[in-house]
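Pulled from TrEMBL:
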TRANSMEM  5-21  transmembrane segment
DOMAIN    23-288  domain 'NADH:quinone oxidoreductase/Mrp antiporter transmembrane'
TRANSMEM  56-75  transmembrane segment
TRANSMEM  95-115  transmembrane segment
TRANSMEM  152-171  transmembrane segment
TRANSMEM  178-197  transmembrane segment
TRANSMEM  203-225  transmembrane segment
TRANSMEM  237-255  transmembrane segment
TRANSMEM  275-294  transmembrane segment
DOMAIN    290-343  domain 'NADH dehydrogenase subunit 2 C-terminal'
TRANSMEM  322-343  transmembrane segment
Amino acid sequence: MNPQANLIFIISLMLGTTITISSNHWIMAWTGLEINTLAILPLISKSHHPRAIEAATKYFLTQAAASALVLFSSMTNAWHTGQWDITQLTHPTSSLILTSAIAMKLGLVPFHFWFPEVLQGSPLTTGLLLSTIMKLPPIALLYMTSPSLNPTMLTTLAILSTALGGWMGLNQTQIRKILAFSSISHLGWMAIIIVYNPKLTLLNFYLYAMMTATIFLTLNTIKVLKLSTLMTAWTKIPSLNAMLLLTLLSLAGLPPLTGFLPKWLIIQELTKQDMAPAATLISLLSLLSLFFYLRLAYCTTITLPPHTTNHMKQWRTNKPTSIMIAILTTMSVMLLPISPMILTIV
């Protein structure tokens, strides 16, 4: 793709995200979401492969439907209350429609079917944008409307997302699809706590985005898309592969790594809200996703492929790892000891 065009699309993405996050009026928030959608479409379909075009089409149709629902929800609320302010979403039907629209934008169950397919058809760098920065505007809208959302509906969506995200990722061999189901599972953790403690949702999102960015950038460096090629990639940059193992375990939420912090705080908050059964259920369901993270980690560093493999051993690269990956990896693994400081900032 032309570098100038690429730059325009990236700037438009940042602009759309900034407009949505900083707006008070529903129409401005909707405008930001639309700019975001239109800016990411060329980045998804830039390889001109039929699968990439299919992914872009699916993404466009889903996001257009979700944006229409956002407009419909805000207009219904304005009709009943005379308010266009995002924080004044008081009508119950409007908040129900908005929850469905945001769930569709994020890829929460039962509106999740588009996300694995779109991620599979996109390049790794676009997949990184789809999994991180594109989730920020809808989560910001949920954050602003959190006092008037329906807790029962969100808890149901969250538990279903964690269950299906873990369950459907079990038999995947494509790494991008595994990361898509991982994203759906993590969104369940964010959705269950948004009504009770919205700041925890934001903290969870920031840490999730950081760990996912690390994994996508690492995979992009070693040029791996499938589990079978991941098994032989350890010879390229062994130290990076060892850190990928730790980042995957951190994303799974194992102590003493960074990913344990949001899960621990969410379980604690749910218990305070007398929702111990929901906390127990979502913790048990996250064991499903732990299985495929462990499988990825096992393929990354522990497994030596059999001698009958079709893959040649990869040459070790002398290319230095980028400083960005080094910083992100360190943060993805070592932030748990400074969690009291993180909590004072949040």
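Using the three backbone atoms N, Cα and C, a Cβ is placed for every residue, glycine included.
Beyond the ends of the transmembrane segment (203-225), by six or more residues, the same chain brings 124-125, 127-128, 131-133, 135-136, 139, 174-176, 179, 182-183, 186, 189-190, 193, 233, 236-237, 240-241, 243-244, 247-248, 250-251, 258-259, 261-262, 265-266, 321-322, 324-325, 328-329, 331-332, 335, 342, 346 to within a C-beta distance below 8 angstroms of the stretch.
Tertiary neighbourhood of the transmembrane segment (322-343): same-chain residues 203, 207, 210-211, 213-214, 217-218, 221, 240, 243, 246-247, 250-251, 255-261, 265, selected by CB-CB distance under 8 Å and a gap of 6+ residues from either end. On the 0 to 100 pLDDT scale, the domain 'NADH dehydrogenase subunit 2 C-terminal' (290-343) averages 81 in the predicted structure.
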